[in-house]
Amino acid sequence: APAKAKKTPSKGNNMELSSDGEVEEGSWEMEEDEDESSEEMVDDYGASSSEEEELLPIEKAALKQKPDSEDDSEEEEEEEEEEAAEEASRQKTGQKEEEGPDLQLNLDIDEQFKLPTNEQIEREDILICDIHKLSLATFNSLMVFLPAEPPDLHIIHQRIKGNMEVLQDFAVKREEGRTRKEYLALLRRDMAAYYSYSDFLLTKLMDIFPLPELINFLEANEVPRPVTIRTNTLKTRRRDLAQALINRGVNLDPLGKWSKTGLVIYDSSVPIGATPEYLAGHYMLQGASSLLPVMALAPQENERILDMCCAPGGKTSYIAQLMKNTGMILANDSNAERLRSVVGNLHRLGVTNAVVSNCDGRQFPKVRLCWLTRVLGGFDRVLLDAPCSGTGVISKDPAVKTNKDEKDILRCAHLQKELILSAIDSVNAASETGGYIVYCTCSIMVEENEWVVDYALKKRNVRLVATGLDFGKEGFTRFKERRFHPSLKSTRRFYPHTHNMDGFFIAKFKKFSNAIPQEQKEHAVEAATPSAVPDTVLEPQLKKKKLEGSKVDKEQKLPQPALKKRRSLQAQKRPLKA
């Protein structure tokens with residue numbers, strides 16, 4: 001009660017009311033005068049210094065009622081918005097019920113991937129012709145078949161993504177009446193167009209990689225590998241070399257925990273191949289994958305090492321570095337032009353235990369110039385970096401995408417089989433510290449890697465051993481219809497999309513006997529027989545042998561009648577006895 005009594009006089013003190021409840025005129029005049037005085041005291045921003053004192057009593061009462069009315073109005077507006085939203089949702093649901101089939105069809109078109117028709121595929125096909133072999137009139141006539149615009153790569157890329165999603169859950173997302181073969185054919189065609197690969201090479205890659213990994217591999221080949229260098233510990237330490245290059249404005253980092261000499265170069269303000277440190281032989285520009293075969297070979301001091309295909313000399317100099325310039329290295333290459341770079345690099349890097357030779361690796365164990373094989377009894381270790389198709393270094397040589405076919409792969413595989421047998425024959429199995437062969441290629445084709453290794457296991461007394469590398473993927477023990485030796489798990493494969501280095505394959509053999517298996521000898525004898533040689537080659541050889549044989553027979557038959565004639569003549573000259 002006292003609180004209410006206090007509130008009522010406070011309201012009445014602000015206004016003068018008559019007995020009828022009306023405001024007196026005098027009070028209004030006074031308030032008008034106060035308004036005029038308040039207008040004079042308004043500042044530049046339109047706000048008075050004492051707003052509450054200058055407000056009219058009715059305005060103050062209205063201000064007190066505004067918060068309640070605003071709350072009520074806000075609640076009413078929220079209720080109206082909710083009702084409007086409910087009505088809109090009801091209308092939408094009604095539309096969906098009426099137009100449900102059409103909307104569902106649109107969603108299916110957007111979400112579900114469908115194969116293009118043959119007409120759409122033909123529109124995107126571009127006729128490729130060799131302009132240099134065609135006359136101008138012939139080329140102009142063929143231009144009629146060319147589309148006005150090339151196919152949109154963005155559309156092809158989206159189609160590849162949609163096709164991949166369908167193939168990953170083919171039973172659920174496939175289009176009715178379509179087979180998996182059709183989806184794979186379209187995917188191969190789209191990837192060949194988007195990434196500029198030949199159909200042959202893309203088919204080979206699809207056999208090697210799962211589809212998601214294949215996309216990563218193709219994308220990685222579009223990006224160059226990081227520049228790496230190898231410290232030459234014959235002349236400096238990695239710490240000192242890194243500091244010297246940093247002072248010259250080179251941004252670098254250690255290559256990885258697996259390498260104690262490698263450095264990766266991110267950017268440089270000076271050319272890496274022309275610094276004073278490079279010219280002084282403190283480092284060698286070398287890919288990260290090229291360090292792995294030498295690490296697998298693990299050469300020891302005072303050993304005899306053969307680098308059968310040594311150009312340009314990066315692996316040879318690394319072997320000399322690990323051997324600390326002791327022992328002997330025979331650096332061989334069949335290309336005399338490439339040996340110039342080998343000699344230059346060995347001199348620049350300070351290698352003094354290497355001998356450079358120019359021989360055919362296939363004839364290496366038999367060549368007369370190889371005195372080391374005949375006199376000392378063979379090598380302790382052999383490194384064979386065999387010539388290959390180069391499918392692991394597509395980022396360096398994009399021409400490999402289109403210029404390789406089945407014949408090139410089989411030709412390389414045949415050469416590699418000959419070289420690996422020669423490398424095994426050049427090793428001395430009785431070596432106290434060695435007897436090892438490391439075979440490596442910069443290819444990812446199974447025909448050049450596991451196929452060749454499996455062939456060597458059958459033809460020579462060797463076995464596969466661990467490479468000593470902690471990373472890398474295992475080699476294939478089965479590929480399509482082929483089955484390889486189970487020990488091929490110890491081989492290692494390296495890919496650009498998983499290890500950020502060039503594609504590489506490494507296998508390490510241990511030779512346990514210098515004798516050639518008996519089966520191999522029998523095959524060699526059979527190969528020398530006429531049945532193993534084509535008839536076209538045998539016919540002239542057989543004719544020559546017949547002619548030579550007839551001549552020999554005549555020479556052998558001629559002395560017998562001559563002797564008879566001589567004896568008869570001698571008998572006639574002798575006088576008859578009485």
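Each Cβ is built from the backbone N, Cα and C atoms, and glycine gets one as well.
Because TrEMBL annotations are produced automatically, they should be read as predictions rather than curated entries.
Note on TrEMBL: of 131-186, 523-578, the range annotated with the feature region 'Disordered' is 523-578. Pairwise Cα distances among C309, C310, A311, P312, G313, G314, K315, D333, D360, D385, the recorded S-adenosyl-L-methionine-binding residues, top out at 20 Å. Of the listed recorded positions, namely C309, C442, the sparsest Cβ surroundings within 10 Å are found at C309.
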